[in-house]
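Asks: This is the structure I have questions about; it appears just below.
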Amino acid sequence: MSGGWMAQVGAWRTGALGLALLLLLGLGLGLEAAASPLSTPTSAQAAGPSSGSCPPTKFQCRTSGLCVPLTWRCDRDLDCSDGSDEEECRIEPCTQKGQCPPPPGLPCPCTGVSDCSGGTDKKLRNCSRLACLAGELRCTLSDDCIPLTWRCDGHPDCPDSSDELGCGTNEILPEGDATTMGPPVTLESVTSLRNATTMGPPVTLESVPSVGNATSSSAGDQSGSPTAYGVIAAAAVLSASLVTATLLLLSWLRAQERLRPLGLLVAMKESLLLSEQKTSLP
């Protein structure tokens, strides 16, 4: 009887413990749901990021809502993924004052590259060129200004070398910035130049024999002294003779079957013995 009652008490305890665990689990799930409520999509979120969320110094991309610096707007570089920062950019040709709006205040580059719509600055038609300072010269095909003293100095200073064109003549540059004046050409200057180029030292009879004597004496010195070519030729002939004799000796020894392993040494010893015997004989 007591055993059955103890079994029932154990079962009740197990059931109560399981119920308590279930209650704790349900309470934890409820607290988690209260901490992070489910968000429902609204009409504003479905339409995209709200406009005006970026500060006044920023530009908001239309699709991503990213805020980029306002200076990146209409700078011909896609900073937004949808390219909205380069849309509705008003670009007009350069005006006579050398301005390309927008943005105002930026000078027309006048670099020969079509930076504005219509290519008006490509041929420098609507671009104003800055004037050179006093005492300076503008290059013909560029906006570079160089000092007038660099004109016709023998060194090209302009990219197109226009500062060295027309030197020595009364030629006016295409830009009209400077005129180069050369020295006046007179009859006396032409006559003096011709005399300087054609007239040489006077030719006399004394100068002609002296040249001939010098030539003959140098030739006699060369013929009287032995040259090194004969010595070199003799040495070459002697070397060739020695090589030929050596080759003939080796061929003869090979024909006599004496040029075998240690055969050459034996032959040399025999030749030495023969020479000693010949010298010992009276």
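Placement of Cβ uses the backbone N, Cα and C atoms for every residue, glycine included.
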Asks: Swiss-Prot tags one of 99-123, 149-173, 174-198, 199-223 as region 'Disordered' - which one?
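Replies: Going through 99-123, 149-173, 174-198, 199-223 one by one, Swiss-Prot gives region 'Disordered' for 199-223.
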Asks: Using an 8 Å cut-off from the Cβ centroid of Trp150, Asp153, His155, Asp157, Asp163, Glu164, can you name the remaining same-chain residues around the Ca(2+) 2 site, in sequence order?
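Replies: What remains near the Cβ centre is Ile146, Arg151, Cys152, Gly154, Pro156, Cys158.
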Asks: Which recorded positions from the set Cys139, Cys152, His155, Cys167 come within 10 angstroms of Cys145 (disulfide bond), judged by C-alpha positions?
Replies: Cys139
Asks: Would you count the other CB atoms within 10 A of the CB of Asp157 (Ca(2+) 2 binding site), including those on all shown protein chains?
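Replies: Other Cβ atoms within 10 Å of Asp157 (Ca(2+) 2 binding site): 16.
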Asks: Going along the chain, which residues six or more apart from Cys61 (disulfide bond) have their CB under 8 A from its CB?
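Replies: When sequence neighbours closer than 6 are ignored, Cys61 (disulfide bond) has Cys67, Val68, Asp79, Cys80, Ser81, Asp82, Ser84, Asp85 within Cβ distance under 8 Å.
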Asks: Please compute the mean pLDDT of the model over the domain 'LDL-receptor class A 1' (53-90).
Replies: 88
Asks: Using Cα coordinates, what distance in whole Å links Cys54 (disulfide bond) and Cys74 (disulfide bond)?
Replies: 18
